[in-house]
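Single-structure report; data block below.
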Number of protein chains: 2
Amino acid sequence: MEDIPRSHPRYWSLVTRQKLVDAMKEGVVVPQGLISHGRGEAFDYILGEKSLDFALEAERTAVAAMLLAKRPIISVNGNYAALAADDIVKLSEQLNAPIEVNVFHRTEERVKVIEDFMKRHGATRVYGSECQKTHIPGLESARGIVCVDGIYSADVVLVAIEDGDRTEALRRMGKVVIAIDLNPFSRTAQAASITIVDEAIRATKNMISMAEELKGLGKDKLRDIVSSYSNRRTLSMAFRAMLERLEYASSKGIIIDLGFRDEVNV
Amino acid sequence: MEDIPRSHPRYWSLVTRQKLVDAMKEGVVVPQGLISHGRGEAFDYILGEKSLDFALEAERTAVAAMLLAKRPIISVNGNYAALAADDIVKLSEQLNAPIEVNVFHRTEERVKVIEDFMKRHGATRVYGSECQKTHIPGLESARGIVCVDGIYSADVVLVAIEDGDRTEALRRMGKVVIAIDLNPFSRTAQAASITIVDEAIRATKNMISMAEELKGLGKDKLRDIVSSYSNRRTLSMAFRAMLERLEYASSKGIIIDLGFRDEVNV
């Protein structure tokens, strides 16, 4: 890992980027994944780089749905693995949900690389290169491949930074799809049953704590949480949050006051 | 270059991405640069992927400031080179401003690679690997290195897709900093004297045309353009443009109706 000065005002953002770059060198992340991450960063900037109320509500509902599920599963792609492997493993244990490696730019070698990466981070139940495979109906080519006993048979699927087309196909199969996606405009955000508009690392950490708490509740209480949820409301609130932050910014223009004078002297 | 179908609705965006991926393979762009690009893409998407009025005004003011400058300079990093090398060379000629290769992730080899890349695209006055070097005060490590007769001595510096910490350090040296940055929240956008919230290729092309026009004006007219400019106003207008797009979305929540029911059944 490159040396990033601790004093840099965006130290954690730079460290997170470095994680992805390192994972790209290992073959876990493809270059296109870095561009996706950059897009997410932009939306996170607008949202203020924290887990807002609507995100916390979606995360809580997601945990309740995963705990109620007969066959919950966590779908892991290159970016999600690179960002949050340790936390994904913890969440998988808390929810008693296995992991399936599922990538947009699919080669069996890359699936194996991510599978090994997750196992090095402590994952024990991983569907990957060696499962019995089938296809998601309506998804052509390699990106439709899933494991028969994994995503294909799951009733609730957690995806993160996912392709919109695939999210839609999973919903058409009748599955509950929980999507972590910072862009509420995206097809994934729009198609999911529960959209978590939050950064993947923060969202996963939040869900680990919530799972610890919600595991103590009965099924009825969990069902109450799930039945009172509306994804339309969540998405409205996400757009609304972006709006409010921009309203403040538009009234100020300069929101980080660094003490410079607002005039140009040449 | 990967084969991108012309019929794709985001063909030019995909071609631009591919330019960056190819430039990464040449060593011009670092992987972190792809992340920066993704971030820019998101803001450009929200802004409607065109040069809005406030951007045109900032570009015009930037050209006036560069024409008034005693020692103007164009700072070129990997992304800016990969995206716009030909146009940067044209702008450099129009403004009679040399180029300095200046990168965040600095190695002397990479500076040489970008220098050679710019020269292959026709650049003649390039400060790069062989200049007499010094440090920008207050910037730790290799990223503070600049050429004594280049950026260090310049009064007006044009940067694009620049690090915020360095933009700030350049302003603390008393320089006029013109920054091309699609993200008005960024430290660079906030710290610059003139912030061009526009895509780097479009902004550079616009400035080439504007330079042709403004070169005919006297210094008094150029000073009028510069003195009536407010970066606070420009940033406010950029935030306002984003705001308007979000107002519609927040009233709807779901803006792509895929026909799924808004309830979670587990």
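FYI, residue positions are counted from 1 along the chain as it appears here.
Every residue, even glycine, has its Cβ placed from backbone N, Cα and C.
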ATP binding in TrEMBL involves A:ARG17, A:ASP181, A:LEU182, A:ASN183, A:ARG187, A:THR188; of A:ARG39, A:ARG143, A:ARG223, the partner in that site is A:ARG39
Binding-site residues A:ARG17, A:ARG39, A:LEU182, A:ARG187, A:THR188 with CB under 8 A of any chain B CB, in sequence order, are A:ARG17, A:ARG39, A:ARG187
A:LEU182 (ATP binding site) in three-state DSSP notation:
coil
Which chain-mates of A:ARG39 (ATP binding site) that are at least 6 residues away have a CB under 8 A from its CB, listed by sequence?
A:LEU182, A:ASN183
Could you give the maximum C-alpha to C-alpha distance in Å for the residues A:ARG17, A:ARG39, A:ASP181, A:LEU182, A:ASN183, A:ARG187, A:THR188 that bind ATP per the record?
24
